[in-house]
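A.B. asks: Take a look at what TrEMBL says about it:
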type	residues	note
DOMAIN	312-341	domain '4Fe-4S ferredoxin-type'
TRANSMEM	44-67	transmembrane segment
TRANSMEM	87-108	transmembrane segment
TRANSMEM	163-181	transmembrane segment
TRANSMEM	193-214	transmembrane segment
TRANSMEM	390-409	transmembrane segment
Amino acid sequence: MESNVATAPTTFRDRVPNADANGGRRWLYPRLVAGRLYRWRTGLAWVLLAALFAGPFVWVDGHPLFLFNVLERRFIFFGVTFWPQDFHLVAIGLLTFITFVALFTVVYGRVWCGWACPQTIFMEMIFRRVERLIEGDHNARRRLDAGPWTTEKVVKKTAKHSVFFLLSFVISNTFLAYLIGRDQWLTLVTDDPARHLGGLAAILVFTGVFYLVFARLREIVCTTICPYGRLQGVLLDKNSLIVAYDYVRGEPRGKRQGVRGVGQGAGVLCARGVGQGARGKTCEVNLVPHALSPLPHAPRFTPQTLRPLPPARSTPAPHGDCVDCKLCVQVCPMGIDIRNGSQLECINCTACMDACDDVMIKLNRPRGLIRIDSLAGIEHRQPVRFNGRMAAYSAVLAGLVGVLVFLLVSRAAVEVTVLRAPGQLFQREANHQVSNLYLIELVNKTNQTQPIRFRLSHPEATIRFVQPIREVPANELTKGTFFILLPEKTIRQNSTPIELEVLSGDEVLDNVKTSFLGPVSMSERVNE
């Protein structure tokens, strides 16, 4: 008997969803879905946006909560100041962060990308909303872009891109405030522009970059520019939690006859999508039997529309819960079909979960056909287990966190650097004394001014500053020049080790070891 099922494709797509067959740009028009997960994402996004825009303007004890001043090499993180002398802390902190990202991805997948990444939050929660407000829903935007340049199109495009540029300008100013600080930023934007051409040029450059990202590049940032998505291949395994389609429950997918109460009417679920079928109309069946689906692994293809079964000799075939409405594809901001399995483009935004859950509720089926789960959980119905890979990452992370905490706790309040003046040996002074010239730098890493005094370990050595240093201002770098003097008769070797103690009251803040160069008489050399 002739088969009444079309042959399924045997290859997967050979290009990213935002590229056409000729390699040109294919614009994506994601459909809005307002489910419970979208509401949670929206709430989290507003909290994160409020924290981001408030960050550079929140001060604690007269100091900013965050500052990343690259030009002055000064960084403040949660009120703690870090200087170039703390580079080892920065290095260990970065290693700790990278390990945390690896462990988090191994366990929870790319939830960061869809829920907390600034690119996604700005794009989906701000710029996409502006686009919908001005140009309409996904269908209206598609028609507008495909249509001729009418007055309506010119007005809408001009308004949209003007708002986009204004938003990019606001974001640019916020990031600049993180770099140079609140006070310098206020001076920059309120003072005479002619006196701050460099700063204004930086604002315009940043504005142009942000405008390019959100108006033109969009999802290309996630698929091509950002390396995090490409790390999935080495970080994710079958036990990692991802946004996954339950192919065991959903396959074979297909539209059904006689399903009522779906969408806006009492009609059946037709090929045009959920809620758009004609009342009383009988739709063709679109089924993919298990023999054609590469189970037990996730399907790597999108089934094409199949020929309807002849009514006279057809038998109701078993079908899964997926009705192939393709709403999960329509709502995806990356343009992928999550039913094809884990893909580089997926950012775990959970929009497809909201869309599918809505359909399942209307079909009186359990939610979760698309859900947060692991491939092992879908195939074997087993929960995520703490495996050896997770244990290894956790052990490394715990060790790095321990080292970082110890270094932060034991960090000196004032760090002192003493160097001999270049090109100088020693000088003979009055009263048969010999002097050496030194340069000193003191970095106060606290939020309080530190009173300073100095003490030498050598009992007969004295210290003389060119300009006295009696205190070091909070979170400031202080430089100075001083001499160390020794009686010539006490010098027993060419290089005498000396230790300089820096004290605040009776507390020793730092110890610095240096050397004192001086002349040694012939008699002393003979005695040696």
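Each Cβ is built from the backbone N, Cα and C atoms, and glycine gets one as well.
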A.B. asks: Are there residues at least six beyond either end of the transmembrane segment (193-214) with Cβ under 8 Å to its Cβ atoms? List them, or say none.
C.D. replies: 119, 122-123, 127, 164-165, 167-169, 171-173, 175-176, 180, 187, 221
A.B. asks: Could you give the mean pLDDT over the domain '4Fe-4S ferredoxin-type' (312-341), rounded to a whole number?
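C.D. replies: Reported value for the domain '4Fe-4S ferredoxin-type' (312-341) is a mean pLDDT of 84.
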A.B. asks: Which range out of 87-108, 163-181, 390-409 gives the transmembrane segment (44-67) the most CB pairs under 8 Å?
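C.D. replies: Top-ranked stretch among 87-108, 163-181, 390-409: 163-181.
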A.B. asks: Please list, for the domain '4Fe-4S ferredoxin-type' (312-341), how many residues fall into helix, strand and coil according to DSSP.
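C.D. replies: Summed by class, the stretch gives 7 helix, 0 strand, 23 coil.
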